[in-house]
Amino acid sequence: MIRSVVRGTGSYLPEKLLTNSELATMVETSDEWIVQRTGISERHIAAEGQFTSDLAVEAATRALADAGFGPDDIDLIIVATATPDYTFPATAVIVQEKLGIHQGAAFDVQAVCTGFVYALSTADALLRAGNGKRALVIGAETFSRILDWNDRTTCVLFGDGAGAVVLEAQEQPGGNDDRGVLTSHLRSDGRHKNKLFVDGGVSSTRTAGHLRMEGREVFKYAVGMITDVIMAAFAATGTGPDDIDWFVPHQANQRIIDASARKLEIAESKVVSTVKYHGNTSAASIPLALDVARKDGRIQEGDLVLLEAMGGGFTWGSALVRW
Ligand code: ACO
């Protein structure tokens with residue numbers, strides 16, 4: 001059977017670092033409060049004039065180099081982002097042009113923090129259906145542009161960045177030992193749309209707006225939703241926590257990551273966490289963490305890697321990938 005096998009990863013973080021202590025000079029907060037509540041110490045912020053597509057192109061270029069592929073090898077680009085360069089064209093099309101790719105299809109996916117899991121699942125479905133041979137799946141965000149820098153309850157949580165993976169359709173024997181995306185599960189429930197949203201948009205206010213969040217409410221739902229969708233991945237493949245080599249969750253908050261791992265009985269040593277250094281980079285957080293764990297030698301070929309995310313909407317999802 002055809003599987004979408006990960007052939008390469010890449011990531012990019014803007015140069016400018018914003019530490020908790022610097023934030024404490026901007027709003028009434030402290031390093032201690034932020035670390036204790038979220039595990040975040042610092043985040044990267046895109047430079048003036050540096051767009052989401054620029055971050056995406058850097059990450060994609062590194063992923064292509066890692067895979068040993070050039071522009072002619074890619075026939076599908078999906079960018080997961082809630083902070084596109086423009087209303088249209090899609091950021092993916094801008095990325096396509098900047099990478100010198102002129103064939104295939106490119107489009108964006110908008111599922112906020114779950115965006116990368118949605119994009120991965122969509123790319124996997126298209127590749128397995130024969131709609132392309134190799135895909136770039138990118139998560140890229142410039143959340144710094146939609147933060148209210150006077151609101152201490154949200155501005156301390158997010159950062160900018162991008163991560164990318166290259167998928168290739170390959171014939172595999174069939175079964176859990178196959179390389180590639182083994183299963184993915186996507187969910188959403190719009191009844192929660194007002195708990196985490198941006199209060200502007202083209203069709204409503206004609207402004208970009210700012211991120212608004214009921215933090216406690218999000219926290220209340222997060223672990224349950226994450227657990228639900230991971231149990232679905234386990235049930236679909238007949239696997240369990242002991243079979244997982246690496247757990248790479250969306251990096252929103254260390255407390256959510258720890259509580260999810262604990263509830264699912266996934267050993268702490270298997271959890272990949274980058275939230276301390278990246279903050280919450282929304283759709284970029286999973287591919288950023290994947291790239292970190294691959295480049296430092298943790299994720300190896302043959303490893304079973306569990307991904308999950310939850311975010312605005314609410315949307316949530318999981319994917320189980322044999323590296
Ligand atoms: N610095 C100092 N004090 C602060 C700050 C800050 N940055 N932000 C809020 N406070 C204050 C509040 O004003 C409040 O003060 P009060 O008691 O005098 O009213 C107090 O701290 C406690 O506020 P809470 O909101 O109850 O703090 P909580 O312990 O819930 O932590 C947090 C807030 C970190 C946002 C938490 O609710 C959380 O992690 N929620 C999940 C949200 C999340 O991760 N969202 C990311 C996007 S969704 C996703 O990706 C899954």
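Cβ coordinates are placed from backbone N, Cα and C, and glycine is handled just like the others.
For the domain 'Beta-ketoacyl-[acyl-carrier-protein] synthase III N-terminal' (107-190), residue counts in helix, strand and coil come to 26 helix, 34 strand, 24 coil, using DSSP. Taken from TrEMBL, the feature domain 'Beta-ketoacyl-[acyl-carrier-protein] synthase III N-terminal' covers 107-190.
For Cys113 (among others), the entry in TrEMBL reads active site.
Taken from TrEMBL, the feature domain 'Beta-ketoacyl-[acyl-carrier-protein] synthase III C-terminal' applies to 235-323. For the domain 'Beta-ketoacyl-[acyl-carrier-protein] synthase III C-terminal' (235-323), the DSSP-based tally of helix, strand and coil residues reads 38 helix, 22 strand, 29 coil.
The active site annotation in TrEMBL covers His250 (among others). Around His250 (active site), taking its Cβ as the centre, 33 other Cβ atoms fall within 10 Å, counting all chains.
Here TrEMBL flags 251-255 as region 'ACP-binding'.
Here TrEMBL flags Asn280 (among others) as active site. The Cβ neighbour count for Asn280 (active site), using a 10 Å radius and every protein chain shown, is 24.
Within the same chain, residues at least six positions away from Cys113 (active site) with a Cβ under 8 Å of its Cβ are His250, Ala252, Asn280, Ser282, Ala283, Ser285, Ala309, Met310, Gly311, Gly312, Thr315.
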